[in-house]
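Written out below as structure tokens is the structure these notes cover.
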Amino acid sequence: MRRSTVRAAMKLTFLGAGAWGTALASHAAANHDVVLWGRDPAQLAAIAATGSNEAYLPGVPLSPRLRVEADFEQAVGHAADDPDGLVVVATPVSGLREMTRRLAGRGNGHVRMLWLCKGFEAGTHALPHQMVREELDAAGRTSGFDYGVLTGPSFAREVALGLPCALTVAGSVPTLADCAQAAFHHHAMRIYGSDDLTGVEVGGAVKNVLAIATGASDGLGLGLNARAALVTRGLAEMTRLGLALGGRAETFMGLAGVGDLILTATGDLSRNRKVGQQLAAGQSLDQILASLGHVAEGVRCAQAVAALAEACKIEMPITRAVCAVLFEGLSAADAVAQLLQRDARDE
């Protein structure tokens, strides 16, 4: 479906001043009235003073039109109180329930919310849209709250530098795609719509786990053939789980599936890939996470993906191998050896 992307300036609020939230906020600020909120007032003050987010995007200048706001209610009200506004939650998965709860509790005005996080919730193994729906039901918000996810192959630093990328938006209502395209589809960014919330979220979660596997393979010096095999067979694992959870096969052939997997599994800016490389070098998980300093979602959701695969009775041997290396003391080299010893079968 072709949609017009010519729109008047919108009001947007970003909740979360990490790398991705800051990069996308800076991109949107070129055309819109954008406010960025974060939990650390000192960090926000530094962004305002220097025009950059040195904690997450060092050396990258941000749009001079981007404004920061330390007061949560003031920041949310900027977009939520406008009938055409959009609130973008840029926290990790662990912060999504809190943000949804706080937005749902502001009254009965119409709210439009997108989130940027990828993964499953620890403990419940819920997808982000399931978490949001649970919070809205608990708050009695049966209408007037449109929600969705913006996802796809995108390194924050490249977006902040204005380099081209393409993303997918999937939402609870079709009009949310129009809203996201009006907000972000300009300059070097293209936004494509989808109605498969489950599929795009499964793709965004599983690719992080698979990127750890390809990073380990590369770290062991196993070559490009091995990398291609892991990406391809990993895509098969992603698709099997996605179908079992209610997603559609074609989604995994798009930006939120194979597109995001290729980027995260092969790009040197990928934190999850770096985890795999460092595991192959013999570092412990604690050492790796301390050196990264930022979230590597593949570590957080590997066990959830493996548990869901077991519950759905589907085979995900690469994912299972990643879990064994991360949490059970198996070396990366032994994990590869075990994968190579699996019985022959049809593709």
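Cβ coordinates come from backbone N, Cα and C, glycine included.
The candidate list Lys11, Lys207 contains one residue that Swiss-Prot assigns to the sn-glycerol 3-phosphate site with Lys118, Gly152, Ser154, Asp260, Ser270, Arg271, Asn272, namely Lys207. The Cβ of Ser270 (sn-glycerol 3-phosphate binding site) lies under 8 Å from the Cβ of Phe155, Ala211, Gly215, Leu263, Thr264, each of these being in the same chain and 6 or more residues away along the sequence. Of all Cβ atoms in the shown protein chains, 28 besides its own fall within 10 Å of the Cβ of Asp260 (sn-glycerol 3-phosphate binding site). Proximity to Glu297 (NADPH binding site), judged by a C-alpha distance within 10 Å, picks out Asn272 from the binding-site residues Gly152, Ser154, Asp260, Asn272.
Closest by Cα distance to Ser154 (sn-glycerol 3-phosphate binding site), from the recorded positions Trp20, Arg39, Lys118, Lys207, is Trp20. DSSP assigns Lys118 (NADPH binding site) to coil in the three-state reduction, outside any helix or strand. Of all the Cβ atoms in the protein chains shown, 24 others lie within 10 Å of the Cβ of Trp20 (NADPH binding site).
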